[in-house]
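K.L.:
The following block contains the structure, expressed as structure tokens.
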């Protein structure tokens with residue numbers, strides 16, 4: 001039996017959206033504006049939380065870390081995407097591809113854990129208000145956030161090592177916006193069963209574990225809200241959770257679509273659109289989501305803007 005000759009791949013060629021030549025410049029400008037809005041919005045949120053003493057609470061402590069992670073999350077993906085559009089496709093070494101995949105997985109995992117932690121924080125505030133300050137102490141806050149970073153690192157390390165023990169050969173074109181595991185598996189020339197199991201484990205344990213914490217927390221919150229007699233009290237309590245629920249639905253909805261389904265075949269246009277939602281749009285919208293429905297954030301923003309205005313001369 002004749003042996004098949006394979007060309008070993010040591011670098012990849014990212015080509016997402018480059019087939020639409022007429023959209024290259026508009027897409028570049030759109031993604032660049034989204035990235036700048038993400039950086040401005042999330043940096044502004046962090047500075048606002050640190051600068052206003054009224055926002056020095058556990059909820060905003062977790063939100064500031066979510067904003068920090070969103071900045072890093074976007075920065076790991078969007079600059080490379082802009083290079084792909086500007087250069088009409090770009091070459092990336094296997095080492096850089098592995099680094100990008102690690103950073104994406106690291107920050108995406110932390111996002112999952114932080115959203116679950118924020119749901120638990122809301123549950124404690126609504127359902128156990130008298131014990132809130134004794135449960136969510138400063139030590140507990142730092143412990144939860146540190147745990148999210150450590151768990152995110154472990155998840156990213158395992159997935160990256162597992163993915164890049166594969167042999168890649170033949171076609172080196174990745175028709176996707178960044179180095180993600182599903183498109184990489186399509187380029188492997190060996191048995192990728194172990195790597196596919198890792199995808200399933202991540203999809204069936206990490207995300208659902210976070211979602212379970214969120215669902216259980218909000219189940220208790222809904223029960224507590226229904227027991228409030230005044231309509232105004234119910235509305236006020238629910239409004240403190242509505243922003244978080246919106247962010248959860250947007251983030252987990254797109255991730256579930258990407259990972260809890262069949263990944264065979266070539267990356268479709270729909271895959272790339274969904275990947276743009278969770279890597280570009282969601283980090284940009286988070287500061288807006290938490291600002292529009294949050295009275296404390298709006299008041300802090302107005303206060304900061306009033307301070308920045310030059311004083312009028314008499």
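A Cβ is built for glycine as well, from the same backbone N, Cα and C atoms used for every other residue.
According to Swiss-Prot:
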type	residues	note
TOPO_DOM	1-25	topological domain 'Extracellular'
CARBOHYD	5	N-linked glycosylation site
TRANSMEM	26-46	transmembrane segment
TOPO_DOM	47-54	topological domain 'Cytoplasmic'
TRANSMEM	55-75	transmembrane segment
TOPO_DOM	76-99	topological domain 'Extracellular'
DISULFID	97-189	disulfide bond
TRANSMEM	100-120	transmembrane segment
TOPO_DOM	121-139	topological domain 'Cytoplasmic'
TRANSMEM	140-160	transmembrane segment
TOPO_DOM	161-197	topological domain 'Extracellular'
TRANSMEM	198-217	transmembrane segment
TOPO_DOM	218-237	topological domain 'Cytoplasmic'
TRANSMEM	238-258	transmembrane segment
TOPO_DOM	259-271	topological domain 'Extracellular'
TRANSMEM	272-292	transmembrane segment
TOPO_DOM	293-314	topological domain 'Cytoplasmic'
K.L.:
Considering only the recorded stretches 55-75, 100-120, 140-160, 272-292, state which has the highest number of Cβ pairs under 8 Å to the transmembrane segment (238-258).
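P.N.:
Answer is 272-292, with the largest number of Cβ pairs below 8 Å.
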K.L.:
For the topological domain 'Cytoplasmic' (121-139), find every same-chain residue at least 6 residues outside the stretch whose CB is under 8 Å from a CB in it, and list them.
P.N.:
58-59, 62, 217-218, 220-221, 224-225, 237, 240-241, 244
K.L.:
Counting Cβ pairs under 8 Å to the transmembrane segment (272-292), which of 26-46, 55-75, 100-120, 140-160 comes out on top?
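P.N.:
By the under-8 Å Cβ criterion, the transmembrane segment (272-292) pairs most with 26-46.
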K.L.:
State the non-local partners of the transmembrane segment (100-120) in its own chain: residues 6+ outside its ends, Cβ under 8 Å from one of its Cβ atoms.
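P.N.:
Here the qualifying positions are 59, 62-63, 65-66, 69-70, 72-73, 76-77, 80, 92, 144-145, 147-149, 151-153, 155-157, 159-160, 163-164, 178-181, 184, 206-207, 209-211, 213-214, 217-218, 244, 247-248, 251-252, 255, 278-279.
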K.L.:
Based on DSSP, tally up the residues of the topological domain 'Cytoplasmic' (47-54) by helix, strand and coil.
P.N.:
7 helix, 0 strand, 1 coil
K.L.:
I need the least crowded one of these disulfide-bonded residues (97, 189), counting other C-beta atoms within 10 angstroms of each C-beta.
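P.N.:
The disulfide-bonded residues 97, 189 were compared, and 189 has the fewest Cβ atoms within 10 Å.
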K.L.:
Helix, strand, coil: count each for the residues of the topological domain 'Extracellular' (76-99), based on DSSP.
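P.N.:
Going by DSSP assignments, the topological domain 'Extracellular' (76-99) contains 17 helix, 4 strand, 3 coil.
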K.L.:
I need to check the long-range neighbours of the transmembrane segment (26-46): which residues 6 or more away from its ends have a CB within less than 8 Å of a CB in the stretch?
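P.N.:
Residues 17, 20, 63-64, 67-68, 70-71, 74-75, 78-79, 81-82, 85-86, 276, 280-281, 283-284, 286-288, 290-291, 297 contact the transmembrane segment (26-46) from elsewhere in the chain.
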K.L.:
Mind looking up the mean pLDDT for the topological domain 'Cytoplasmic' (47-54) in the predicted model?
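P.N.:
Within the topological domain 'Cytoplasmic' (47-54), the model's average pLDDT equals 87.
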